[in-house]
């Protein structure tokens, strides 16, 4: 079977989709910037309540996973199917680890009564309420993207197994990889804005 | 059949060195965030994040080897995001 493929068109389409994702998170960061400007002191105090070590660990996890995805493309190009699948499995495991960290992080915050509309938050300064609402919205939306990325990469691995992704045709892997890198890219900004502000 | 790639192959070593740079920058941004620079802290954090993002985009996401179409449309997207952020600060300043 000789299907004609337009890989450049396919990749361009993926980038166009990524632009919409950039604007989606960009909009949320704009809200963050506005509220930071209006409630700077509350934001700084609230940021200190987040666990920096946890945030840094998740940053490292995503960076390593991003490397694995990029390396898996090289592996496919070199027809090293096994290596490509191993690298993608590591990525999936790291994605899972990221979500486990997030689970404990959110769980701990819930235990402290920090969640939208909680009784403990009622008397908080307005800026603190806004900070944690944004924290849950942005990291929550990001977490959903991690899950989608993991599903995409699982499908990609299946395609490599089935030889649907090969050295002469791997645009699906490239596009799934682009999505995963974007998720990493967004975290690169979430980390300093929420965990590191002083 | 259109030929699969002008796709550029990147060596594992090169990708790994990019990873090391990214990890080093992460360490740096954590360290510098503990140093009190006043209101400059947030700008340094955003600057380092932007440098990290550039490495991910250029090498992991192959932007460096992409066509003019993708490069220019990406910059346009970032440009519009900058306008959005700029208008927001404009609004706050004169409200």
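Even glycines carry a Cβ here, placed using N, Cα and C.
Annotation comment: TrEMBL describes A:1-198 as domain 'Heme-copper oxidase subunit III family profile'.
Marked as transmembrane segment by TrEMBL: A:12-35 (among others).
What TrEMBL lists as transmembrane segment is A:55-76 (among others).
Look at TrEMBL and you will find A:83-104 (among others) tagged as transmembrane segment. Counting only same-chain residues 6+ beyond the ends of the transmembrane segment (A:83-104), those with a CB under 8 A from a CB of the stretch are 54, 57-58, 61-62, 64-65, 68-69, 71-72, 75-76, 139, 143, 146-147, 149-150, 153-154, 156-157, 160-161, 173, 180.
The annotation transmembrane segment is assigned in TrEMBL to A:134-162 (among others).
Here the transmembrane segment (A:178-197) has long-range neighbours at 11, 14-15, 18, 21-22, 25, 29, 32, 36, 43-44, 47, 50-52, 54-56, 58-59, 62-63, 65-66, 69-70, 91, 135, 138-139, 142, 145-146, 148-149, 152-153, meaning same-chain residues at least 6 beyond its ends whose C-beta is under 8 angstroms from one of its own. Annotation source TrEMBL lists transmembrane segment at A:178-197 (among others).
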